[in-house]
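> What follows is a single structure, and I will ask about it in a moment.
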Amino acid sequence: MRARPVILHLDLDAFFTAVEQLHKPSLRGKPVVVGGVGGRGVVSTASYEARVFGVRSAMPTADARRRCPNAAYLGPRFEAYRHCSVQVMDLAREVTPLLEQVSIDEAYLDLTPAHPSPTVDEVTALAEDLRTAIRERTGLTASIGAGTSKLVAKIHSDLAKPDGFALVPPGEEAATLAPMSVRAIPGVGPATAARLAAHGVSTVGRLAEIGADECVALLGRAHGTQLHAFALGVDPREVVTERAAKSVSAETTFPTDVTDRGRLGGHVSRLTERVTDRLRTDGLSGRTVVLKARRHDFSTLTRSTTLDQPTDDPVVVRRHADRLLAALDVSDGLRLVGVGVSGLSLYTQPDLLDGLLDDVLPAPAPEPDEDDEEFARPDAGEVTTEENGSTVLVEAVPEPTGPRWRPGQDVAHSEHGLGWVQGSGVGRVTVRFEGPHTPPGRIRTFPEDDPDLAPAPPPEWSPLVDDGPAADGLSGGGGSLDG
DNA sequence: TCTGGGGTCCTAGGACCC
DNA sequence: TCTGGGGTCCTAGGACCC
């Protein structure tokens, strides 16, 4: 049996908004919210300045705007976030190769390979050196938790936020967790917490006391067993560098509910395209096609079919998704549709039987497809593809073109240079001209279709450039995210 | 206030097989 | 004629996480 490892949990602070403040000097020290900016958008990340007003992740953006009208509301720029994430993870892998990235801004590090049994002081030095390297090389702040398991590391990176470090010495796990709320345990959400509360359990220590059997009776076999072990500070989960994907999916929420089957079919088509594109990029095929629908009352339905052979063919996936949609009652309107493929494997097999079935159950005829005002689409053409020897007519599926300019978007102007979209509407777009290493920039407004204005790639923050005191909200001690 | 999009894991019931 | 248990696969829904 393996000795207890030392595990770090690395978590970037308010990651999306931190990148925005890094790239947009005028937003440093100000409330910033990244998320959906449309009527049904929700908050992905609120900067610490916005959290003061009660803005939180997963809150409807409309609610956030009421609480904090003066914040900058920006759509996400995933390309920029991914780039920063890669830089951070590369720095972390210099500490240990045994790194498990769990999301764009989070990773577990097992120190064992390079440091088999480090002292508390050594772990502290490694973690603080990594935090310093991340700040100096990327301009971002990270929090780190350390302990003998993923559980205590994760809980303590959270407690260390923002821009901090927290360590639980070996042997002190259970005592450290005991006074905490059960909600501190990852996996205990509102429903589980309510169940436990109904039985008088609100702290981790109390959860440990009630015993495994009662835990299982309350929460089910798997969840109950694991949660009781967690409450005792026991977590045997290992850090693994790679994990195989189990499913690939895409979904979209409409600005207003949709009842028209033709339009729903058009969306299913585009979603299918996105899913199969990603399957093919990753060299994956899947046997189960899943259609997801959310109704006007927010209830969610899923319908699935499992094929004899795995597929990555958009024609095949779309045909099954269409059939699943056709069997659904949409008369009350849907607010969301999604398409997914699961039961993934690494290879593709020709879909012979599926082609035969197609002759018996023809796909519904494509209906005319108009679109919501917010997603006006260019004219759809038609293409034909060869499938199993017969020619099938397939509706061409152009991506919906969103509004031309999105808040936060990077742009270049032929005369004024690089900047970002502050807002747009009524035929105009407002741009602030600044970059990571300029002072806060000036605002100019242009016609929406100004030929001198074009989308631009994300800017890059570089440690080699000195911003100078005027624009420098980031260097030095705490960074821009405190408070 | 009215709820995104990408995932993972678990449960439960029914079909089917031995 | 009535009654078994276990295992696997499939489908649907729900909790949870970032």
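Numbering starts at 1 and runs along the chain as it is shown here.
Yeah, the Cβs are placed from backbone N, Cα and C, and that goes for glycine too.
Quick paste of what TrEMBL says about this protein:
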type	residues	note
ACT_SITE	A:Glu106	active site
BINDING	A:Asp11, A:Asp105	Mg(2+) binding site
COMPBIAS	A:474-483	compositional bias 'Gly residues'
DOMAIN	A:7-189	domain 'UmuC'
REGION	A:362-389	region 'Disordered'
REGION	A:432-483	region 'Disordered'
SITE	A:Phe16	site 'Substrate discrimination'
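On this model, are these features tucked inside or out on the surface, and what's nearby?
A strand conformation is recorded for A:Glu106 (active site) in the three-state DSSP classification. Within 10 Å of the C-beta of A:Glu106 (active site) there are 18 other C-beta atoms, taking all protein chains into account.
Counting every protein chain shown, the number of other Cβ atoms lying within 10 Å of the Cβ of A:Asp105 (Mg(2+) binding site) is 23.
Counting Cβ atoms from all protein chains shown, A:Phe16 (site 'Substrate discrimination') has 28 others lying within 10 Å of its own Cβ.
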> Does DSSP give A:Phe16 (site 'Substrate discrimination') helix, strand or coil?
helix
> Report, in whole Å, the straight Cα-to-Cα distance of A:Glu106 (active site) from A:Asp11 (Mg(2+) binding site).
5
> Between the Cα atoms of A:Phe16 (site 'Substrate discrimination') and A:Glu106 (active site), find the distance and write it as a whole number of Å.
12
